[in-house]
Amino acid sequence: MTSEPYRIVILGGGTAGWMCAAGLAGLLAAADYDITLIESDEIGTVGVGEATLPHIKSFNDRLGIDEAEFMRATRGTIKIGIEFVDWLRPGARYIHPFGTFGDRWASADFQHHWARARLAGTDGRSLQDYSFAVAAARANGFEHPNDDPKSIRSTYSYAYHFDAGLYAAYLRKWATARGIRRMEGKVLDVVRDTQSGDVASLTLASGDEVAGDLFIDCSGFRSLLLGQTMGVPWLDWSAWLPCDRALAVPCASVAPLTPYTRATAQRGGWTWRIPLQHRIGNGHVFSSAFCGEEEARRTLLDALDGAALDEPRLLRFQAGRRAAGWAGNVVAMGLASGFLEPLESTSIFLIQAATTDLAGLVPRRGERVDPRMVREFNRLFEIHHDRIRDFLVFHYTANERIGEPLWDHVRTMPLPDSLAHKLALFRESAVAPDYKLGLFSRDSWLSVLEGQGVLPSAASPLTRRLPAADLQARLDDLAMRIAVNAADMTPHADFIAGYCASEAASPPAASAA
């Protein structure tokens with residue numbers, strides 16, 4: 001076995017490149033790997049994704065990143081869910097919480113007990129009333145979850161909103177302090193091994209030749225290494241996810257400082273709202289087949305809560321993924337591997353998942369790429385993307401926005417077989433998707449199923465072991481404990497001020513709403 005470290009070359013910076021670099025620096029033994037990241041200040045990054053999912057806290061914790069320091073540096077706020085406004089129909093709203101619904105009683109998951117009581121006409125509450133995270137979000141409150149598993153305040157998790165550019169800069173500083181080598185330069189040529197077809201080296205505009213054993217493609221939509229060089233084809237999912245444009249613009253902060261992202265359905269797509277310490281990130285995702293750019297721009301600007309701080313920036317994309325995330329000695333992450341619109345804040349999760357999956361499968365010094373490891377990585381890559389796709393498609397297809405061309409189209413389009421099965425199963429039996437692998441838990445599916453008007457026609461027979469009066473007493477007690485505890489939560493703005501306030505952030509103005 002060679003004594004030389006295994007050489008990993010990351011092409012591209014931004015969130016994908018530096019999250020990958022930081023993850024590998026924190027998870028792999030430094031003596032065994034030589035990691036170089038190549039980026040050019042001349043090449044911009046997309047950087048509109050500023051909302052995350054709770055998995056990022058686990059990722060940061062594994063790397064030993066100090067939470068308060070990280071939030072100050074990125075002007076971050078807390079996120080305990082996503083509010084969906086007007087998705088079922090105008091005037092309807094619900095929250096996808098980062099937490100559980102109720103308890104498991106008599107060996108049956110909570111939604112079965114809720115469905116039983118609802119179908120019997122003894123309980124008229126929404127499933128939302130049985131989530132502490134929903135109640136806390138509506139109260140604009142946040143405290144770190146309680147360590148006592150018996151406490152109602154232990155039944156939620158949280159993620160972050162942050163400035164994507166500051167996040168990449170923070171990770172760059174963190175990673176380079178731990179041995180990641182950064183090279184400035186643009187790639188002019190990709191040199192391939194004449195026998196294996198693998199990438200051997202990258203030629204930079206400066207004339208430097210950067211050789212490696214494994215190359216990680218974070219080159220964005222160009223997919224220079226995985227797509228262009230290795231020829232891995234693109235799987236187009238626009239038949240299910242027709243939105244192909246986004247306009248992004250920041251605006252001035254307003255009070256209250258909400259601990260959740262908001263996604264509001266619009267005629268030709270949807271708008272996002274992401275509150276940071278120093279501003280609010282806004283955007284309009286839309287389909288060019290159903291909405292023109294000028295209409296999308298007006299819709300976005302009309303939706304702002306504060307004064308616009310810049311001109312809207314247009315982004316073009318196509319929903320889908322590469323047929324594989326790893327081919328030969330090239331692995332792709334971020335936009336180089338696929339794109340799913342930011343409806344459920346999944347882009348950073350996919351980078352994180354690819355990084356941690358790769359860290360467990362990457363060759364060691366002296367080893368070549370093992371095809372079995374490649375197949376396992378690609379199996380996980382497909383699971384992550386395909387299950388997220390189903391979850392996003394469901395938000396669109398289950399709607400009652402009758403007479404609006406985009407929404408009529410997505411309501412009547414053929415669904416992926418995997419999604420059609422999930423919906424039929426829940427309608428008939430209240431059984432919700434629950435995976436050991438894949439991003440969204442049963443509770444995530446439950447929030448959107450009910451929110452989009454998909455309700456079960458039966459409940460598990462296991463619930464019959466619990467007498468009806470006992471069940472109703474438990475439901476009443478749970479709803480009461482949630483309401484009382486949520487009303488006592490620390491305001492989100494106060495939590496940020498006392499824990500991680502950035503000196504660059506200014507207090508939000510009063511809301512015009």
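Positions of Cβ are set from backbone N, Cα and C atoms, glycine also.
Curation plays no part in TrEMBL annotations; they are all automatic predictions.
FAD is bound by G13, G14, T15, A16, V187, I348 in TrEMBL, and the record lists one more residue there from L166, L214, L335, L361, which is L335. Distances between the Cα of K79 (7-chloro-L-tryptophan binding site) and those of the binding-site residues G13, V187, E344, I348 are shortest for E344. Between the alpha carbons (Cα) of A16 (FAD binding site) and E344 (L-tryptophan binding site) lies a span of roughly 18 Å.
Across G13, G14, T15, A16, V187, L335, I348, which the record gives as binding FAD, the greatest C-alpha separation is 25 Å.
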